Amino acid sequence: MAETPETADQYFERYREIIPDYPAFLEALSQPLPLYFRLNTLKVRDPSPVVEGLSRQGFRVEPVPRVPWFFRVEPREFSLGNTEEYYLGLIYPMTLSSSLPVYALEPRPGELILDLCAAPGSKTTQIAQHTEDQAVIVANDRRLDRITALVANLRRLGIACVITTVYRGEQYPLEVSFDKVLVDAPCSGEGRYRKGYEGELLFQKEGRTNLSGIQKGLIVRAYDLLKPGGILVYSTCTINPEENEAVVDYLLRKRQAELLDWEAPLPSHPGLTEWAGRPFHPHLVKAKRFYAHEIEAVGFFVAKLRRVA
Amino acid sequence: MKGKNRKKLDPQATWPRLIPEEEREEILRYLENRFGIPPEIFNSYEFLATAKNYWLFVRTPHLRTLEKLRIQTAGLLFLRKVSGYLKPTTATLQRFGVYARRGILDLDRYTLDRLRLEKKIPFTCSLEPGYVILRCEGKIWGCGLYLPEKLISYLP
Ligand SMILES: C[S@@+](CC[C@H](N)C(=O)[O-])C[C@H]1O[C@@H](n2cnc3c(N)ncnc32)[C@H](O)[C@@H]1O
């Protein structure tokens with residue numbers, strides 16, 4: 001079984017052509033991931049007591065420009081999970097870019113929203129917060145143990161607008177149709193990778209699962225669960241086009257969906273219209289790629305689509 | 001350690017039932033009498049019930065449709081029925097306790113820490129015996145029970 005281990009530099013070489021300022025990207029990989037939290041505005045409006053409380057415990061806390069309610073924290077090696085602010089549900093630690101799919105989703109009070117791969121609930125709780133606990137959110141995950149963690153987060157943050165279910169996303173019952181569906185898909189997680197600190201690359205996991213196949217199953221079912229005119233957001237935290245553009249392109253060929261523009265609070269690059277000699281639908285430029293070194297957070301891919309028929 | 005603080009979810013969970021208007025009124029009256037929480041705070045929420053618990057869930061015309069799903073949980077654990085009394089959960093008080101005007105116990109840091117550690121401490125105050133909102137340095141911690149000469153913690 002022993003194979004020559006590929007170094008991270010060798011691994012990412014395959015993306016040299018698509019990653020902007022590639023040397024800066026490699027440089028960022030040697031730093032530990034920056035630490036962020038979201039303020040739970042369902043419980044506190046004024047961040048100052050939280051910021052002061054965390055400062056007393058040795059954290060330096062700065063608001064993130066352009067992304068409301070998000071704060072950056074140093075030292076990033078510390079854990080926020082043991083703080084009083086965490087225990088009281090005043091904060092939710094999550095990477096900055098994990099907020100992006102919810103910006104694309106634009107949830108509104110009263111909407112019926114499905115979060116198909118929801119655990120542990122960063123985005124579910126953010127949707128609840130954006131809608132003042134007034135959207136109707138169904139948070140699903142195929143794993144009961146992960147839904148248990150999500151329910152603990154809902155209780156900690158005091159959220160009352162969520163129903164939880166445990167289904168395989170590909171087989172989600174079609175009896176209920178939704179205004180919006182979020183597919184924050186299981187992925188290879190390349191965007192999280194930091195040398196020696198965080199994440200594993202696919203070659204280290206030996207990549208036995210067919211992630212792209214699972215993602216295609218999830219995105220098609222998500223589309224089928226939408227009301228006509230409904231909104232679908234597909235996101236991953238990976239760079240790999242096979243798990244991103246290729247998955248969206250698959251949906252565009254199977255169903256009547258259209259890609260939409262959306263406004264992101266962080267710098268992005270257009271989705272690819274070609275990879276490994278294979279062309280994708282030209283509208284894929286409307287999808288957005290976010291790179292770790294440009295946003296100082298986990299790399300992300302986000303596409304927003306509408307069900308046409 | 002894993003899962004130690006987490007309640008096991010019931011894989012056979014069924015949908016809680018919608019409660020009749022009188023039962024809702026009774027809950028609202030309790031929250032108003034005991035804590036001074038105005039009933040209007042809950043206008044956009046439905047109260048659902050299982051055997052011993054009440055759940056808070058956002059009011060929606062889709063409730064009947066959603067009942068087609070096999071669920072694990074619906075909404076926030078709101079109140080429990082404990083030997084005939086209603087007991088608000090810590091989660092509820094942490095979220096809605098800001099609207100309370102009475103039934104609040106302000107503890108200093110030392111007393112709070114001691115209560116959390118020992119779960120039950122000797123205590124005297126001017127409040128009517130019953131469930132209380134525990135507050136410390138302006139932050140709401142959750143639910144306690146004040147009985148003559150003692151204070152019991154329900155903090156997780
Ligand atoms: C990227 S994580 C989701 C993170 C989450 N959205 C958040 O923001 O906290 C992907 C999740 O998909 C779940 N998952 C994997 N395969 C699935 C499937 N076939 N159906 C539904 N969920 C699945 C995993 O258990 C995992 O919790």
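Positions of Cβ are set from backbone N, Cα and C atoms, glycine also.
The following features are taken from TrEMBL:
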ACT_SITE  A:Cys237  active site, nucleophile
BINDING   A:Cys117, A:Ala118, A:Ala119, A:Pro120, A:Gly121, A:Ser122, A:Lys123, A:Asp141, A:Asp184  S-adenosyl-L-methionine binding site
DOMAIN    A:25-308  domain 'SAM-dependent MTase RsmB/NOP-type'
Protein Cβ atoms within 10 Å of A:Asp184 (S-adenosyl-L-methionine binding site), excluding its own: 24
Number of Cβ atoms other than its own within 10 Å, given for A:Cys237 (active site, nucleophile): 25
Other same-chain residues whose Cβ falls within 8 Å of the Cβ centroid of A:Cys117, A:Ala118, A:Ala119, A:Pro120, A:Gly121, A:Ser122, A:Lys123, A:Asp141, A:Asp184, the recorded S-adenosyl-L-methionine site, in sequence order: A:Asp115, A:Thr124, A:Ala139, A:Arg146, A:Leu150
DSSP-derived class (H/G/I helix, E/B strand, else coil) of A:Asp184 (S-adenosyl-L-methionine binding site): strand
Whole-number Å value for how far A:Cys237 (active site, nucleophile) lies from A:Ala119 (S-adenosyl-L-methionine binding site) (Cα to Cα): 15
Residue pair A:Gly121 (S-adenosyl-L-methionine binding site), A:Cys237 (active site, nucleophile) - Cα distance, angstrom, rounded: 15
A:Lys123 (S-adenosyl-L-methionine binding site) versus the residue listed as 'active site, nucleophile' - Cα distance in angstrom: 13
In the chain carrying A:Cys117 (S-adenosyl-L-methionine binding site), residues 6 or more apart in sequence that have Cβ under 8 angstroms from it: A:Asn140, A:Asp141, A:Arg142, A:Gly169, A:Val183, A:Asp184, A:Ala185, A:Pro186, A:Leu218
Largest separation between Cα atoms (Å) of residues that the record links to S-adenosyl-L-methionine, namely A:Cys117, A:Ala118, A:Ala119, A:Pro120, A:Gly121, A:Ser122, A:Lys123, A:Asp141, A:Asp184: 13
Local confidence of the domain 'SAM-dependent MTase RsmB/NOP-type' (A:25-308) - pLDDT mean: 95
Three-state secondary structure, A:Lys123 (S-adenosyl-L-methionine binding site) (per DSSP): helix
Those residues of the chain, 6+ apart, with a Cβ under 8 Å from that of A:Lys123 (S-adenosyl-L-methionine binding site): A:Ser98, A:Pro101, A:Val102, A:Asp115, A:Leu182, A:Asp184
